[in-house]
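Undergrad: Feature table excerpt (Swiss-Prot):
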type: BINDING; residues: D30, S45, D75; note: Mg(2+) 4 binding site
type: BINDING; residues: D30, D75, D212; note: Mg(2+) 3 binding site
type: BINDING; residues: T46, D47, D122; note: Mg(2+) 1 binding site
type: BINDING; residues: D47, D75; note: Mg(2+) 2 binding site
type: BINDING; residues: H54, E263, Y319; note: substrate binding site
type: BINDING; residues: G121, D122, R146, S214; note: ATP binding site
type: BINDING; residues: D215; note: Mg(2+) 5 binding site
Amino acid sequence: MACGEFSLIARYFDRVRSSRLDVETGIGDDCALLNIPEKQTLAISTDTLVAGNHFLPDIDPADLAYKALAVNLSDLAAMGADPAWLTLALTLPEVDEPWLEAFSDSLFALLNYYDMQLIGGDTTRGPLSMTLGIHGYIPAGRALKRSGAKPGDWIYVTGTPGDSAAGLAVLQNRLQVSEETDAHYLIQRHLRPTPRILHGQALRDIASAAIDLSDGLISDLGHIVKASGCGARVDVDALPKSDAMMRHVDDGQALRWALSGGEDYELCFTVPELNRGALDVAIGQLGVPFTCIGQMSADIEGLNFVRDGMPVTFDWKGYDHFATP
């Protein structure tokens, strides 16, 4: 039997579940009605994902749903927010019920993990794409921003940037990885990145600035540099790289992916000298390595790199949707 828009929503997206107490009205009315907790600042982010641009057209729908939500959660993580609500506008070329079942099951599994609620959205026919609006909140005055870095602050990254680009290369057969465990790890880092929600929350009163690594370290740290109005010096020898990647590529390729590969969804953040001890206490037990890779400076402009103490330059840039090929 054909599945119309409203029956599609009812069957796959209006799940019976324990509702959040801050949702007065969710799916089923003209608007969602939300009650914002007292002394909290609302945090909102929106992302559009298009088949063939942001994800491979033949991607497993469960992986697609996970990644679509995870990359939005990463935006909340970068500002230290608590996740709360999601809207989803989904454009489909046709109603494929097995696809929708796998997609919605995966989406709700991650929503439930973070105690989030889908509160509304839209469905329409067309080339496969989706727009997610994610909402959360942050204690007033404690949000992490890109603009707070000061000269002398230390620059850190979580995890091992470059893994996602390596995983994409494996999926596209541009990188041959003979070890199954390494291939699986790299592919999962691309398809199912882990949003660093707990790290962002722990950094609220410790970091001076933060951003998530969506377009590559060169591009994203560059945003902190520009917004904060001071330069940055990065030691490329300090950049962390996973063994799974390093076993299969040379140092040059690994460095390129670490700096400009994108889609790692790790956090890059700056910490004043006074807070470095507190940083170890705050996120040292969260199970994800974090590495100091450089320092903000008033003596230089823009983003600068050094290797063995000597300046080096790179022509690489981060991802840009509208860049000329």
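Just so it is clear, glycine is given a Cβ too, placed from its N, Cα and C backbone atoms.
Each of the listed features needs to be described in terms of its position in the shown structure.
TA: When secondary structure is read from DSSP and collapsed to three states, D75 (Mg(2+) 4 binding site) falls in the helix class. Listed in sequence order, S45, D47, I134, D212 are the same-chain residues six or more apart from D75 (Mg(2+) 4 binding site) with CB atoms under 8 A from its CB.
The secondary structure of D212 (Mg(2+) 3 binding site), as reduced to three states from DSSP, is extended strand.
Secondary structure at D47 (Mg(2+) 1 binding site), taken from DSSP and collapsed to helix, strand or coil, is strand.
Under the three-state DSSP scheme, H54 (substrate binding site) falls in the coil class.
Under the DSSP three-state reduction, R146 (ATP binding site) is assigned to helix.
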Undergrad: Among S45, T46, S214, all listed as binding-site residues, which has the most CB atoms within 10 Å of its CB?
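TA: In terms of Cβ crowding, the pick is S214.
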Undergrad: Suppose the Mg(2+) 1 site is T46, D47, D122. Which further residues of the same chain have a Cβ inside 8 angstroms of that site's Cβ centroid?
TA: T48, T87, L88, A89, M130, T131, L132, G133
Undergrad: Have a look around D47 (Mg(2+) 1 binding site) and count the other CB atoms within 10 A of its CB, chains all included.
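TA: There are 17 of them.
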Undergrad: Need the DSSP three-state call for D122 (Mg(2+) 1 binding site) to compare against my parser.
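TA: Looking at the DSSP assignment, D122 (Mg(2+) 1 binding site) belongs to a strand.
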Undergrad: What is the nearest of the binding-site residues D30, T46, D215, E263 to G121 (ATP binding site), using the Cα of each?
TA: D30
Undergrad: In angstrom units, rounded to an integer, how far apart are the Cα atoms of S214 (ATP binding site) and D30 (Mg(2+) 4 binding site)?
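TA: Taking the Cα atoms only, S214 (ATP binding site) lies 33 Å from D30 (Mg(2+) 4 binding site).
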